[in-house]
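Sequence annotations record features per position, and here Swiss-Prot assigns disulfide bond to 31-45, 38-50, 44-57. Summarising the annotation, Swiss-Prot assigns signal peptide to 1-21 and lists sequence analysis as the type of evidence.
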């Protein structure tokens, strides 16, 4: 019984550590994704532009700027 609880706690700790490492890797991206605050187009990923009104990375307008 005690070893089972210990194994469960160890497993949960390992799962937490792996998920935290994955989350840190996502934050290290060079560009910003959809609806993330930006100041200029070069901060957004290649398929997005920095919106003029709210300064978020959004899809480019089909009607031009």
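Placed from the backbone N, Cα and C atoms, the Cβ positions cover glycine too.
This view paints the features noted in Swiss-Prot onto the structure.
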residue: 31; record: disulfide bond; Cβ within 10 Å: 14
residue: 38; record: disulfide bond; Cβ within 10 Å: 20
residue: 44; record: disulfide bond; Cβ within 10 Å: 22
residue: 45; record: disulfide bond; Cβ within 10 Å: 14
residue: 50; record: disulfide bond; Cβ within 10 Å: 19
residue: 57; record: disulfide bond; Cβ within 10 Å: 21
Nearest of the disulfide-bonded residues (38, 44, 50, 57) to residue 31 (disulfide bond), judged by Cα-Cα distance: 44
Chain residues in Cβ proximity to the signal peptide (1-21) (below 8 Å; excluding those fewer than six residues from its ends, i.e. six or more beyond): none
For residue 45 (disulfide bond), the three-state class that DSSP assigns: coil
